[in-house]
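Notes follow once the structure below has been shown.
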Amino acid sequence: MVFRKLPGVSASGMGLRLSQKFVFLLFLSGLVTLCFGALFFLPDSVRLKRIFLSKNENPAVTVGSDNELSKKVPGDPEHLRAGLKGGEGANIKLKVSRKPSVTHGARTVERSVGSRAQDERSPARAQEPAARDERVTSAAHNGERASAYSYEAFKKCLLKPALGKNKGTPSDSETLQRREKVKEMMKFAWDNYKRYAWGQNELRPLTRNGHIGNMFGGLRGASIVDSLDTLYIMGLMEEYEEAKEWVQNNLNLISNGEASLFEVNIRYVGGLLSAYYLTGAEIFKQKVVELGEKLLPAFNTPTASDAASTVPFTIWGWASAGSSILAEFGTLHLEFLHLSQLSGNPLFTEKVMNIRKLLNKIEKPHGLYPNFLSPVSGNWVQHHVSIGGLGDSFYEYLIKSYLMSDKTDQEAKKMYYSAMEAIETNLVQKSPGGLTYVAEWRGGILDHKMGHLACFSGGMIGIGADDGPTEQRQHYLDLAAEITHTCHESYSRSATKLGPEAFRFDAGAEATATRLSDRYYILRPEVIESYMYMWRLTHDPKYRQWGWEAVEALEKHCRVDAGFSGIRDVYASTVSHDNMQQSFFLSETLKYLYLLFSDDDLLPLEDWVFNTEAHPLPVIRKTCLQEHGAKQDHGQTDLE
């Protein structure tokens, strides 16, 4: 390099300044290199993707939750729930949020550092999962994967009529009157939703307006889709036809927003699936398959690693940043298997089977499944275990996957009973007063608390009793009854005869909320859900009586002039309402009450499995479906 001497500047002075500049530039270039190098090696590559990729290349990975007191949300006032899609090729603007919502509790990832580094060195790999998904989906549309689903073949494979011989009408007059009262409650809730909040997601009955929220990514009509099967089962046909017409003409799946995969799956996908299976209306099939395809990008995590792309990425302000939640990624199996059945696209099944496969490989502390898992490292983030919020529906979907497979899914069966053994060993406790409860586990230390969400477990353990080890079957049924009794006690010990969000067994308290923040009730269904299952399994009249006590309490404390509302303190003699008629009140609470007061042949458990939003999905009898489908292909319909 040649430097020219400038006039008026000595050679020595010029050399000094040049050397200083050279050192400064060297330092600056090193700093820039270090910063960019560090950016590429950050554990979470979301920032990198946001800088270097356009929106279309990578759907937004965010979590949207609006409902303070929504339904099953792990960790928040409800169960965890839901999400949608966005991506190029499908002309979809709806962004996928892999987070559950503040409302249901909803109910992995094994990757090595080496594989992660390889993915980062090979940008093309980031596009492989999405490209393959698009090819498989396209093949399914073109008829390359499966023949058209036969609704008539499905009906032939049911052991009993879905609505029973007489729509489940009970023979004794008292039970019939109680069932009619529940039906009236449903009509009252529906009519007010239609009057004041039609087309929006939920009704605010005190202010008589609608609530949309950001939980569903711009989707509307959550209460409509959630109510379809309830209206049909109850014989409210005029209302059902209104709901069906709205779905056909107004359910717009091209939305722009962030959604919860968990909530959209259990409410919208579950609601549309059950409506199709109960009625055979093609519009529900068309909508649910279209929606299902919009959910698939939720599995393409920013890291684009093989393992991470199988588990939806979860971000919650109150959870560990960047963690996936057990009840979220474990509450997809039932719906996604049915999406494959209806669409002929095996990708739905492949996604959820990969989650299970990878989850099976991870070491579990004391056989327990912690609630948080890192999709980056493949390790549990915290050793917090709960069968209430954050964990609940994961266990529910294990036993129900086995039952829905016509008891052929041996892997799900093994996982469920292994988990039950660990839960009994580490979490199940007996209070000084003789109440059986399921505590939470925090790194080996028990938290003697049970959430309302955990009260579904009485029903879950009950329906799983018959398929457990022979010597354990009666024990499981007894355990289910004991837990259901404890949850009933949480209701009977309050002033309103409704249960709190969580209750404790310490400092002299039993089945009672000791914290102000746990005293609310948001029209939750879990206790009534267990009543319904335990009635079906034992026909002990106390379960119907407990259910009627809940009806009376709902009527007295939650019914207002324009609908039903949750209350802020179940121990207060004068209630304060939260101004929200949750969609799951229509889908779950009232449906389970109606079934409790109906004969067992209305949605018989031999044929139907309820998803965690109480949407009935049929048992998949593959051999039967293949036989009857083949007969139809050859013109042998042999229909009823």
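Just so you know, the numbers here start at 1 and follow the chain as drawn.
Glycine is treated like the rest: Cβ placed from N, Cα and C.
The following features are taken from TrEMBL:
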| type | residues | note |
| --- | --- | --- |
| ACT_SITE | E263 | active site, proton donor |
| ACT_SITE | D392 | active site |
| ACT_SITE | E501 | active site, proton donor |
| ACT_SITE | E526 | active site |
| BINDING | T612 | Ca(2+) binding site |
| DISULFID | C455-C487 | disulfide bond |
| REGION | 98-143 | region 'Disordered' |
| TRANSMEM | 22-42 | transmembrane segment |
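Take the Cα of D392 (active site) and measure to each of the recorded positions E263, C487, E501, E526: the nearest one is E526. Of all Cβ atoms in the shown protein chains, 28 besides its own fall within 10 Å of the Cβ of C487 (disulfide bond).
With a 10 A radius on its CB, D392 (active site) counts 33 other CB atoms from all the protein chains. Of all the recorded positions given, namely E263, E526, T612, those whose Cα is no farther than the 10 Å limit from the Cα of C455 (disulfide bond) are E526.
Of all the Cβ atoms in the protein chains shown, 34 others lie within 10 Å of the Cβ of T612 (Ca(2+) binding site). Summary for the active-site residues E263, E526: the Cβ-based neighbour count within 10 Å is maximal at E263. E501 (active site, proton donor) sits 11 Å from E526 (active site), taking the Cα positions as reference. Cβ neighbour count for E501 (active site, proton donor) (all protein chains, 10 Å cutoff from its Cβ): 24.
Note on proximity: of the recorded positions E263, E526, T612, the one nearest C487 (disulfide bond) is E526, by Cα distance.
The CA atom of E526 (active site) is located 17 Å away from the CA atom of E263 (active site, proton donor). If you draw a 10 Å sphere around the CB of C455 (disulfide bond), it holds 31 other CB atoms from the protein chains shown.
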